[in-house]
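These features come from TrEMBL:
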- 1-110: domain 'WH1' (DOMAIN)
- 114-150: region 'Disordered' (REGION)
- 123-135: compositional bias 'Polar residues' (COMPBIAS)
- 162-307: coiled coil (COILED)
Amino acid sequence: MGEQPIFTTRAHVFQIDPNTKKNWVPASKQAVTVSYFYDVTRNSYRIISVDGAKVIINSTITPNMTFTKTSQKFGQWADSRANTVFGLGFSSEQQLTKFAEKFQEVKEAARLARDKSQEKIETSSNHSQASSVNGTDDEKASCAGPADTHLKSENDKLKIALTQSAANVKKWEIELQTLRESNARLTSALQESAASVEQWKRQFSLCRDENDRLRNKIDELEEQCSEINREKEKNTQLKRRIEELESELREKETELIDLRKQSEIIPQLMSECEYVSEKLEAAERDNQNLEDKVRSLKTDIEESKYRQRHLKVELKSFLEVLDGKIDDLHDFRRGLSKLGADN
């Protein structure tokens, strides 16, 4: 029946550096097929992996070998015949666990095969020794009977084990076909996932462009805010100027009151009264001019306040739009991270 595969998986293959005995050297550029094979003729097990036309693993399993998990997705075993250490990197912890369990199962089967082979050799050796010790044909015949019966019993057991192995091979062939179909489905899903990744990349590029546009808009709004601050400073200066003018107005009013008192106290001095009247009229004109200036400044302040309120409304509306865009960008990033973890 030859050699038949009994378990197949995919992994990245490594070998220990023969010089340093510490660093791993990749034996394959990508994940390759790694399979357990059972040789019915020799009753032996091997791990075989081929990358293209190159055989990168050809390791016969012996009872003395041990498969060690060094991380959640990496395991290794030493092959004294090949004088190297093989390492396998899997895409998931479940694949590593299945491979380790199959290694232990094959190792136990190899041990049983070795024990049976030793028993067969010992039986044959004992039979030969018994035949050489006995001198007569009658004695040989009397000893050969039980030995032949034992050999026939062992032969029947081996035939039963061979039949069971053949049945197991068929079962493993069915399992291999199932795995191949599963691999085909996984390949199709991987291709669909790759297409989805490309779509996400395009959406990410669009979001990045939108983000750049929003940043430019933010810069413009910051410039407008700076202009608002300048307007505030200007309004502050206008307020101080108004306060100065109001102070001057109070001084003029005080001076006007004093002049009126002086005109009442010294009525006889008509000439001085006329002079004071002229001065009063001039002060009233100045007062009127000051009041006009105050009204103009107040009008400017009201206009500035209106512009400030309008700019604040625009800024608040833009910030709300910006918050919505940022939330969408966060959702997109979470979706992209989840997709990468699934892959």
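Note: Cβ is positioned from N, Cα and C throughout, glycine not excepted.
Just so you know, TrEMBL annotations never went through curation; they're auto-generated.
When DSSP labels each residue, the domain 'WH1' (1-110) comes out as 18 helix, 54 strand, 38 coil, counted as helix, strand and coil in that order.
On the 0 to 100 pLDDT scale, the model's mean across the domain 'WH1' (1-110) is 91.
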